[in-house]
């Protein structure tokens, strides 16, 4: 080259490093933390990071400040980019966290965490010499500080540690002897405070400091309009002016001031009453700008919140007592300002208008309850004098209400304390337009029984529409009186944690920490009859199962720790085989404790989703085994089949099923490949099944089979062909359809190109374990009290699928057929048979569409068969009515079974339901009644009570932290159950929903509704569809990614990854959606709902096992439907009552519903839903007795 240039290619321009910077923040306890931010990050985001570390919610009292290049304290302008602000004004990128807005009394501070940080700030003010105090005051304050930081006097052998502890202000120059004498006096003061809780000592310390000269003041040197040098100060009552010798000249109250501005280097304070302007001059323009904006911010904050803005008659000062507790702390207390002695004690009323302060991202004074029981961070270490930073007398001045959410795993959840209920929250007018018509008067019991005997009252459908929301006093919270509550002890459980014990006594006693156990691990000894365990089809692998850890547990130990559900009943007569007779079982549903354990497998997507979650991610399908052929053959069974083959089979099966519905339930035949049904007895031999093993963590509803996916396994079919009993009537099918189905090839169809391990939800594939073709799952479809179909797989053909795999798209199961028909044939792989016989199948589908209009009365019977056919299963044999009928005389019904059934049959539940109050008599709805929160509720009459509502960390968009959700806590038999009952998210509240899930540490979401029902939106879809772009969506500060979805007959299980964008933390959330609830009424298939409850319990146990060793070991489960009261109440009440049945607790359904409604109004909206709970309990008892 002519130019001797050598270009270095080793250096890279790191864009990420150029866009980020690290800032240090010194906390009030002198610890320093680091925060990595982008160059565009504002001071607000940095403050949120600090709030996350401190688990702080009431950030509107706090702020960040720095030392300027002239060593003056300056507050950060939170709305501006932090890096640019620090580069321009700061001496170094070091921030200080502190209190910005002081209050006249500590009772303004609602949270314990807020009070602790406030205590650290005022103690720092004392030790740094900002407040003038006498030696007696110093000793008294030092004694309280030692009690607050170290505890009682008798915990230490000697008081020598006090010599290393900073006790006195830094500017107090003391000789060694005097210092020793004062230290001994502090030790005596410490001993006098023995027995006072640290939190109480902190409050007493703050109370003492409030009376010191200079408390909460910030002073700037200026010149008045006459050129005299004065001190211009600001505090929580207003602005004051002092001369250089400290004499008070004048004080301007907040109500006396209008605008506060600046003109060049002059500060202008407009006085309203005097119609004049006070002028103060500074050295430069920047200083005048800073002071004027600071004063304007303080003025706006205090005036909007009515803190010390009006004169009021305050009660006399409260005398300090040794047993003084925080709950007895007065809400109003005078503040004495030396030497003026101005009293200020009036409480504020909250306002909710936005503020455009340069210092605050959002500085509304909103006081919210804490959901975290925050332990105080005591100063147990050694602090030297040099560790306390000495700064200008600046007291923190920042207000923000959005936070980086703390990791729920590390948070200590508890019930929020009572808010101070203010009259300002009460709406001034009634919204008459939203009040529904009054509830229909309830007839007396005799009238009801008389109508029932006459056949007038239909127990299944009576008053379903009329028994909807009974909202006759929806505005009971519009009361004119002021409601003031004292702050409760935040370390204790709160009164609405309701115990539910066997004695039937329901009181609001507090729950001790020892009682706060996982309901699933809290085993209550039961009666001998209840503890007898029989190995049935639900336990085919227990002998070879290995639990968590390295222990080998016996079956009894395993059941003791995990509280297994009793499996569904054996059929009658009992099978003779020793292994589970899967081919002849007639379970109504195959759920987590049913014989489908040996056919479940671990999906590839589950492994990538979460290694520890594989025991729960499963193919929990309730399937019906319906083989179409029964000839002897030795064929290789391929695991994977094309979507076209299976969906074409579905279309043929629907046509066949449609015609079969014309016949009586027990008289349906199966379409055989050759000839009519053979005559013979109903008994047959079934080959035994091989054993399968796995060593992953298991639960009663989630057994999985680990098998290789690297090779196709072959197994010969058994030689024996079971005989099918002769039925009285034969079903006739189209000859063309029979011919088409008979020509189904035995060889597997061509596979899809590309990855072989991921198919859509509509595609089915064989299990990934080596299974004989005769192996299958069984179930019974319940269509009525005395009607049932027994279905089993006896000799499956080569095309019978087994289960659903993880999908790349998320179609509804009922729409697979329509989707396949709409897609062009050339775009889908098709098998040979169906490409030839497509016209025949389509002709049958046309016939089906014509006959569909005649089948409206049988819709409830047809739907389960259609879903079973869509799962790739077919009817193999149908036993007669004699076999299917459950002999009630053989069921060992106990007293509870008879009592529940009697109530249901005699209609006693109707009167029982009507006598339960719809909601709490004196419920408070302060936050929910605010105008800005009206649009956050789906139904404005259904809102949470104030004392147990879920409180979010306030943000700019939601400055009250409101969401229509309630904590539901009930203690049953010593075990605490914790739910969050909430409404289905609205389009504009999805980010609030995910914020709640994150902050409350939720790992399981139970959704008891579809997104749309009957053309109406029930719940906005708040999670991304599988197969959408990256399967991810962002909701506010959270990114949600769908990892997999598994559909069963009546519910769908979805695995989600939730990432907090600000902190980068991720968490797994399980989404369980019940999909079988009809548009009106309740599910007809009670056993299906029971299987859904078992699925929830299984996932709960798994997620809780992942939280061992953390503070939040038992997070709540979010349950929601549309309004969050009807179906949500059914699920919660059913699960609680089943737990009572399992542990021989007294079953009081109306009493439990009453307790639930005291925590969330209108739980269980209709009598039909209430009756359905009884049906669920009866079915559960029936299952448990048919072992």
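Cβ atoms here come from the backbone N, Cα and C positions, even for glycine.
For the substrate site that Swiss-Prot gives as 1079, 1121, 1122, 1123, 1124, 1125, 1126, 1127, the extra residue drawn from 1165, 1175, 1179 is 1165. Between the stretches 488-509, 510-531, 532-553, 554-575, Swiss-Prot puts its region 'Disordered' entry on 510-531.
Swiss-Prot assigns the feature region 'Disordered' to one of the listed ranges (671-690, 691-710, 711-730, 731-750), namely 671-690. Considering 594, 614, the record held by Swiss-Prot lists 594, annotated as phosphoserine.
According to Swiss-Prot, of the candidate residues 265, 410, 620, 642, the site noted as phosphoserine is 642. Taking the Cβ of residue 1124 (substrate binding site) as reference, residues of its chain lying under 8 Å away and at least six apart in sequence are, in sequence order, 938, 942, 964, 965, 966, 981, 982, 983, 984, 1160.
Confidence for the domain 'Tyrosine-protein phosphatase' (909-1180), expressed as mean pLDDT, is 92. DSSP assigns residue 1126 (substrate binding site) to a helix in the three-state reduction. Of all the binding-site residues listed (1122, 1126), 1126 sits in the most crowded Cβ setting, with the most other Cβ atoms within 10 Å. The binding-site residues in question are 1079, 1165, and the one with the fewest Cβ neighbours inside 10 Å is 1079.
If you compare every pair of Cα atoms in 1079, 1121, 1122, 1123, 1124, 1125, 1126, 1127, 1165, the residues listed for substrate, the longest distance is 16 angstrom. Every protein chain shown contributes to the tally, and the Cβ of residue 1121 (active site, phosphocysteine intermediate) ends up with 26 other Cβ atoms within 10 Å.
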